[in-house]
There are 2 protein chains.
Amino acid sequence: MSNKPTLIQPRTLRGFRDFTPNLMIPRERLIDTAKRVYRSFGFSPIDTPALEYTEILLGKGGDETDKQMYRFEDQGGRDVGMRFDLTIPFARFAAQHIGQLGTPFKRYHVGNVWRGEKAQRGRYREFIQCDFDTIGTTSRTSDVETGLVIYELFRALGFERFTIRINDRRLLSGVLDHLGLVERQTDVLRVLDKLGKVGPQKVTEELRDAVGLSEVQAADVLRFAGLSGSPAEILGEARELVGDSEIGAAGLEALAALFESVAAAGADVSRFALDPSIARGLDYYTGVIFETFLDDLPEIGSCCSGGRYDDLASLYTKEKLPGVGASLGVDRLLAAMEELKMIEETAAPCPVFLPLFEKGRDGDYLALAQELRAAGIGVEVYPEPKKLGAQLKYADRRGFPLALVVGSSEFSAGTVQVKDLKTGEKEDVARADLVSHLRQRI
Amino acid sequence: MSNKPTLIQPRTLRGFRDFTPNLMIPRERLIDTAKRVYRSFGFSPIDTPALEYTEILLGKGGDETDKQMYRFEDQGGRDVGMRFDLTIPFARFAAQHIGQLGTPFKRYHVGNVWRGEKAQRGRYREFIQCDFDTIGTTSRTSDVETGLVIYELFRALGFERFTIRINDRRLLSGVLDHLGLVERQTDVLRVLDKLGKVGPQKVTEELRDAVGLSEVQAADVLRFAGLSGSPAEILGEARELVGDSEIGAAGLEALAALFESVAAAGADVSRFALDPSIARGLDYYTGVIFETFLDDLPEIGSCCSGGRYDDLASLYTKEKLPGVGASLGVDRLLAAMEELKMIEETAAPCPVFLPLFEKGRDGDYLALAQELRAAGIGVEVYPEPKKLGAQLKYADRRGFPLALVVGSSEFSAGTVQVKDLKTGEKEDVARADLVSHLRQRI
């Protein structure tokens, strides 16, 4: 007969999740790194609303993603939806603002998107996208630069063993052109996109039985997709397969120039491969396409994908906006980094922990912490004068690398005991030397 | 009779907005600065979903904000809503995870929230919140630290003239206790909160006529709220007004200790003021309260507010979670910084622009850009070999400070012409000296 209200069970919706610090710290670092690399190439940040008119988001409508959209009527009776990718909002944004912004326009956009799809392990209904694009130009330099951004991004994230696989849609178009199959390109693409998953045997069967290719045609398509070797070797063999197709020749030339420019720019060319098997299922791409695989975990699939498209915003404007860009798979990459033990298990947002255990000296502890912060060294001060052991346990649990133990003897001697929380090693350091000492150790 | 589909008009919903680079760059900088300061005090990032069960978000329900919630039924028939603040999700989060996280727990949370309120100038239906809190401790050190975080935050953002106004709820409670008015505290608070807006005359009238205070009682409340001077002076006068009230004495002592610790920590005490008039309307706060005003734009109101509360998550858990924290008013602060001309008008995400005008030398331009990026200097390369003038116009429009003009003569001489795009001044710099030259100028 208590007057207390019953508690509401704290829980998240299925397919949604909380990010505790141990998950959020590496996530924030990864995103900060991506933003830094994007900016260093001249990409500027933009943002668009989470909610848009359904009419805008659905566009032509009818595909699978649309059905997954969170859609409802707002307080004003408007038919609205939560964005399910960043591409459609960018297209709408570009149509609306490109006159004022001018071209070429280079933007990055990091934001959550929502899809009410079947929740399953590793699939979430809320997830982050992290895209960059250059629009308003057909420049090949932008294609090269897209590859260089991916290259710098993976290096900045700490990867050494990764491969940026590159292809050009026009190569396959050339092969199909040469085989007299241009009008079946979409179907061929759709089937070829399964190559990695189901293997050449199944793909050959499906090209023959479902798409209607002859044995010889299917064999040529498969031969093309199976080409391997150096870019020069592959381009040489592909030249035969595209014959005198104009679009094929354009693709060959563009790819040759791209690999040349990547080398000229000083990037490590062994990180770039020409891979005729990548198709990127969407009709959307019309030129160069990119996929990025981790050499140590190829099975997780591409962690950064994109390519060149002819027209971004044709639903919303008559102005033709060709572009090139890619999208970083944040969650996939974080999972990979965890598996590869590249993420330090920590819930500590700064390197130094300062236990507070001499009663009545809060001001002195806070002053020490402020001194270090002024030198750019982050410090967490424990807020209660508990026993030192309990405080160090707290620090250890959160993963702080260093603690500064300062009791009355250290205060009067003008020293600080620097304790390595991993090894337990201690060292007395004079206050005057503390900043430089810590800078060396962090 | 064209086959072309009609265009969809590109537009955002009323009360929502796009962020173009000139708006997004300062916004991102401000948020990055806030995160850096939060981390330097040991606050860790967390995130929670945009969508939650309505039951969670509404809690006790019934207030104005609840009606503004975007609420709908999802594909699975669940009654869901978009978060309208970060406090309720944090309470739910804490109830759910605090056992695993342990206390004290310090978090920051930066994220969008949504309210379908009447759209008006400067009010948006989607806006960002940027909160930090320490929970699971009643430590006074955490109160002091909250003030120091605000202090460092405003300094890091480039403000010199700001005032952190501090009060303690227990002071007013003590005054009311002494006047025998404890049970009317909520009503008194509500009225007193209007002091800044309507002035002492109106407040006195309302305290008398609506809340039922006597002339003498109302005068004492107003006298308290009107106290000014140094913290020591105000505390001295307040001592008379709280008489022998225990809660009043606790408030007095806590405030005296807080100002002492702020000084001991080495902060500039002239940035902190004791202001008995700040009440922060909510019932929620129970101890120290903070508001932060810009000395040059006091009329825009508090840009960072918060305080201490007794129990964060009582709706979701029996575990008592006292805490202290504050919230940075990102949009208000950005508007103020623009008005105070603290924001450089730019849509350039990096300092250096590199026009590409020697045909066939793309690789050389890209190599130069990569060289500078490797040294930490961001460079945008124009993607097309247009006329130099057109490229420089593009750079100027975006607000790049520097351009590197490199033609065939510079390539062969091993030099670069560094052009200041503000003044037009040019200087030839040897390639070998370029990085150090640019570092000095950026």
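For all residues, glycine too, the Cβ spot is worked out from N, Cα and C.
What TrEMBL records for A:1-355 is domain 'Aminoacyl-transfer RNA synthetases class-II family profile'. When averaged over the domain 'Aminoacyl-transfer RNA synthetases class-II family profile' (A:1-355), pLDDT in the model lands at 93.
Under the heading L-histidine binding site, TrEMBL lists A:Asp85, A:Leu86, A:Thr87, A:Arg115, A:Gln129, A:Asp133, A:Arg280, A:Tyr284, A:Tyr285. Secondary structure from DSSP puts A:Thr87 (L-histidine binding site) in a helix. Counting only same-chain residues at least 6 apart in sequence, those with a Cβ under 8 Å from the Cβ of A:Thr87 (L-histidine binding site) are A:Asp131.
Residues A:Asp85, A:Leu86, A:Thr87, A:Arg115, A:Gln129, A:Asp133, A:Arg280, A:Tyr284, A:Tyr285 are the ones the record ties to L-histidine, and the longest Cα gap between any two of them is 23 Å. Here A:Arg280 (L-histidine binding site) comes close to A:Asp193, A:Ile289, A:Glu291, A:Ser305, A:Gly307: these same-chain residues lie at least six apart in sequence, with C-beta atoms under 8 angstroms from its C-beta. Counting every protein chain shown, 16 other Cβ atoms lie within 10 Å of the Cβ of A:Asp85 (L-histidine binding site). The number of other Cβ atoms within 10 Å of the Cβ belonging to A:Tyr285 (L-histidine binding site), over all protein chains shown, comes to 22. Neighbour count (other Cβ atoms within 10 Å of the Cβ, all protein chains): 19 for A:Gln129 (L-histidine binding site).
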